[in-house]
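K.L.:
Encoded as structure tokens, here's the structure I'll be asking about.
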Amino acid sequence: MSKVDVAVTIAPKEEITDQLKKDLIREQKSIDIIELRIDQRESFEIADLERLFKTLKDLQLDVQVLVTYRTSVQGGKGQKNGNTYYEFLQDLIQIQGYDMVDIEWDEAQTEILLQLIVQAQSAGLKVVLSQHDFDKTPNLEVLKFLYFKMNKLGADIVKLAVMPNEKQDVLNLLEALATASESIEAKPVGISMSHLGLISRTAQGVFGGIISYGCLGTPQAPGQIHVGQLKELLNIYEINK
């Protein structure tokens, strides 16, 4: 069983409000990672992003900051796709003030992804290589092979998030996650979304995953629950090991 970090997903439209700061401070004991979603923003000026990152750092919370630009192709609000997405990531990697960066998997662009991963790691960032499917869950062998292929690019963490349409989909995701945790170098994350897949969030560590994503208020993905509740449920497995 692996140790699971709780990531809280926040998505401020512009600046981080005083209320959001208070919420983060109040729940800090339940949070290991702040996933800062920036795909919903209107401004992507370097100075604006630097100020945003500094605001989080100034809270002096004992957390890592993961910056995510989720494209519309993978279920986000970001309109940057293809080369414009990769060029944006190159600029993002040059900015200081955060700890981890999410890079979306695309099998047709492995050379570009490899370059971005190397650049990010050279800049001192951990890389989460992620793949999302908000419609379905691929079959078990496809899930296992996805982890294998993503691992070959050298990211620190590989993440699959898929939508279950039946109970077997959840079981397949968890089996693929467990297999990956014992067979690849990268640390795996596996999420079965929606209420049906909730067990994948609460029992993430049992199957070898290392991050479970929660929220403070409005869920940023189907099936997310409040970080305080998520931390309590994860601790049940720690207590009863």
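Glycine is treated like the rest: Cβ placed from N, Cα and C.
According to Swiss-Prot, the active site, proton donor/acceptor annotation covers H132, on the basis of sequence analysis. Taken from Swiss-Prot, the feature active site, schiff-base intermediate with substrate applies to K159, supported by sequence analysis. Among the features that Swiss-Prot reports, 3-dehydroquinate binding site is placed at E35, L36, R37, R70, R201, Q224, with the record citing sequence analysis.
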K.L.:
Count the other Cβ atoms sitting within 10 Å of the Cβ of Q224 (3-dehydroquinate binding site), across every protein chain shown.
P.N.:
23
K.L.:
Quick check for the class: what is the C-alpha distance, in angstrom and rounded, between R70 (3-dehydroquinate binding site) and H132 (active site, proton donor/acceptor)?
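P.N.:
About 10 Å separate the Cα atoms of these two residues.
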K.L.:
Far apart in sequence but close in space: which same-chain residues, 6 or more away, have a Cβ under 8 Å from R37 (3-dehydroquinate binding site)?
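P.N.:
The answer is T9, I10, A11, T68, Y69, R70, G76, Q220.
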K.L.:
Give me the non-local Cβ neighbours of L36 (3-dehydroquinate binding site): same chain, 6+ apart in sequence, Cβ-Cβ under 8 Å, ordered along the sequence.
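P.N.:
Once residues fewer than 6 apart are set aside, L36 (3-dehydroquinate binding site) is near I10, A11, P12, L52, F53, L56, V65, L66, V67, T68, Y98.
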K.L.:
Determine, from DSSP, whether R37 (3-dehydroquinate binding site) sits in helix, strand or coil.
P.N.:
strand
K.L.:
Taking Cα-Cα distance, which of the binding-site residues E35, R201, Q224 are within 10 Å of H132 (active site, proton donor/acceptor)?
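P.N.:
Near H132 (active site, proton donor/acceptor), where near means Cα within 10 Å, there are no binding-site residues at all.
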K.L.:
State the three-class DSSP label for Q224 (3-dehydroquinate binding site), counting H, G and I as helix, E and B as strand, and everything else as coil.
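P.N.:
Once the DSSP labels are grouped into three classes, Q224 (3-dehydroquinate binding site) ends up as coil.
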K.L.:
Check the DSSP secondary structure of R70 (3-dehydroquinate binding site), expressed as helix, strand or coil.
P.N.:
coil
K.L.:
Can you tell me the three-state DSSP label for R201 (3-dehydroquinate binding site)?
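P.N.:
The three-state answer is helix.
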